[in-house]
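These notes are about the structure you will find just below.
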């Protein structure tokens, strides 16, 4: 079994890693010569303002009184500059947004698996091509552009990470810090001759990253007073900084200014997907070389934004990332032609053109060609992985039938078919493997291709070695209840498809729970155990409500949380008082923080002090976990663990009733069941058809634990408010750890329940995990074809998360079973001979 586990682990690791060679290879081309416009630029320096998280409508739309929230930028739009809407591309996150702005290309999809703050791939940027670049702002954004620059000409000034506090009384201080620092920098330069000379050179850049708007949007939502007032503060800061810059350079008219945003934000304070509130960002440009304000003659946009924003008379020029907007340039046609030519030749270096209008068409064709060759091997590699999937699943099914099913196995000499390495079958597979290796060698394929293409060979050879098991199954067909087997096959097929669809549509889990509620009626248990059956049906229906509720995190409502059980009233008080304190901008109370952390630590110890009797231990585990879950809740999800626990208790009772109805020879009373005495099952029975049902129930409840309160498969669904009882300063590792424990709590409840069922039904955990492995592999095969390498990071990350979840489900559950075994069967004894020890 250990060898089987190790081999299975290796196979699944290979299958998982294959998606990064099939879907997530870098499309970037290196080694190209940077292109420059040969004519003298109209500006000597560029100032780039990026207001992180600023929506287009929040900047352009007047307030209720009809006055603009940003009077200075409004005056630029109407008098001295050019404006428009920048249609950003998903994923609408800070890193890809800044990469598109500063490096000029959409985020490399291979970055999805290589980190966020640092450069996952090397790329050129306008900072790197400048003579000097000075940057002020967030420590999460600036270092990634400084790290990739050649030489030492990109200078970054960042505030401490601790300032990015969602509970801050005034997050706009982050932007005030930027404006103050850059003004101090210019004042110091006046008395520093070396720095002064550097500042007066050409091709210099100033980058001001303003994070306050984004922070206030996450903490208070974009329609809040804090978010809107922060826009006014940024507008005033820009106006003052422009005045300081013009004075510093003696009003030489050689400074160009660009004000924009990396992404927008939804009404509930998140971003990452493709909603217009996330993709529509403002763009305002003015200064040297920029077209001055033009009057709008005819409206070429179908939307009503111009009227809504009160800008019908100002010409609007929208842009898409990566394409030079010529209407923003105030220069000769010769200069524009050279500029668009350089833009085109950056994509195809050896491209030559006589007429500008053909450049855009060739760019599109070149990108389509690059995409074709980029995905050239996808079908070949995908077919190899699918062949391996099918072979592996077939082998696991045969292994289950061989070791855990009562098949008639008369002695048969199958050596010539499936025997040793000298058999014809072995020779055939070896020959096939050599042919595949030769083909890959001729193609000069990477070494990973050999693994993906050769792995199916030994897998299918192992399937052929189990030919005797398959033959025994065929001989046993006449004695099997075919109608019942066919019925189980249809139900399992429907069930697996329902689970796959539920990853995308949570309401399908409601359908599944409604169907499960009918189980006692269909199986006939209702007539024999009405109370237990009724409890099962009601708990299924109550739990079915949760997948129909909105995803947790969009509209926090602490009032839902305080409806939880009386036993956790202290935690409810801590949660309510914490959120109240944060709303009043009084910070996180130290007492609340200490109680929260003590509750978290004690949740691991309290169950180990209670009795190991089944219901006593399960109740202790439940109470401890619910307290922690409550502190990590922001809405209705606080009620999810109690309802789930109700269903789990009903499951334990109804499975016990099923075993008693079937006349099991080892009847046990749940009231007398002790985890410490019965967890080691000595009498392991063979698998029956109804064990497939139990395995599916287990998988279904695990999926319910995943998606019952929302899609936790992607970090984009994470609301920082969930961890405010523990900390408010941005720390991705601690916050991520707390979030993961919140995610694991429903799993622990389901897993502890199955420990109980394992005892009462004498079900082998080994056979269970093998059946779960088959179910998860069949689901994984679905998700392999659904992996995305385009779209938002929400879509890409979710598709990978789905694949990873089902691929690692069995291994994850086996590791989790070790933890739940300790929680259910171990006990800390205090004051008996030794001070403290495990029993």
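Residue positions begin at 1 at the first shown residue.
Glycine is no exception: its Cβ is also placed from the backbone N, Cα and C atoms.
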Transmembrane segment according to TrEMBL, located in which of 663-683, 768-788: 768-788
356-378, 379-401, 563-585 - the one TrEMBL records as transmembrane segment: 379-401
Arithmetic mean of per-residue pLDDT over the domain 'GPI ethanolamine phosphate transferase 1 C-terminal' (561-792): 74
Surrounding residues of the transmembrane segment (485-505) on its own chain - C-beta under 8 Å, 6+ positions past either end: 511-512, 547, 689, 692-693, 696, 699-700, 703, 707, 713, 775, 778-779, 782-783, 802
Non-local residues, at least 6 beyond the ends, that sit with Cβ under 8 Å of the transmembrane segment (800-824): 8-9, 12, 15-16, 19, 112-113, 503, 607-608, 612, 617-618, 621, 675, 679, 699, 702, 706, 713-714, 744, 747-748, 751-752, 755-756, 765, 769, 772-773, 776-777, 779-780, 783-784, 786-787
Best-contacting stretch, by C-beta pairs under 8 Å, relative to the transmembrane segment (768-788) and drawn from 379-401, 511-527, 614-632, 733-756: 379-401
Residues from the same chain, set at least six apart from the ends of the transmembrane segment (379-401), whose C-beta lies under 8 A from its own: 4, 8, 11, 14-15, 18, 21-22, 407, 449, 452-453, 455-456, 459-460, 462-463, 466, 469-470, 472-473, 687, 767, 770-771, 773-774, 777-778, 780-781, 784-785
